[in-house]
């Protein structure tokens, strides 16, 4: 799939799943074990800004990563690296991704079919 522009919504996602995470200090962090969820930050490219996220621990040690705001060009095979403050918690290889922002928008548009008065307001393209 080639998106029509660098900022096309099809390039943005806010959900991904990793393989089993390699944790650095504790395996996995106590908060994540206790709550099954944990807020932290994430990046998948070395120089990118950290993105706030919520990790959800799966039985097999993998995690679902829900980003606070969608990130661009996440790709399976890249590594998701997790941070709490300045501390690197660990990383996992990205296996799958949730639907793109574009797909979610399409779904929303289908559910909310325009009302007749809205259709009447649409100007024809000339």
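The backbone N, Cα and C atoms fix where each Cβ goes, and this holds for glycine too.
Keep in mind it's a predicted model, so treat the numbers as computed, not measured.
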Would you mind telling me which of 83-104, 105-126 TrEMBL tags as region 'Disordered'?
105-126
With helix taken as DSSP H, G or I, strand as E or B and everything else coil, how many residues of the domain 'tRNA-specific 2-thiouridylase MnmA-like C-terminal' (14-94) land in each class?
6 helix, 45 strand, 30 coil
Taking all residues of the domain 'tRNA-specific 2-thiouridylase MnmA-like C-terminal' (14-94) together, what is their mean pLDDT?
94
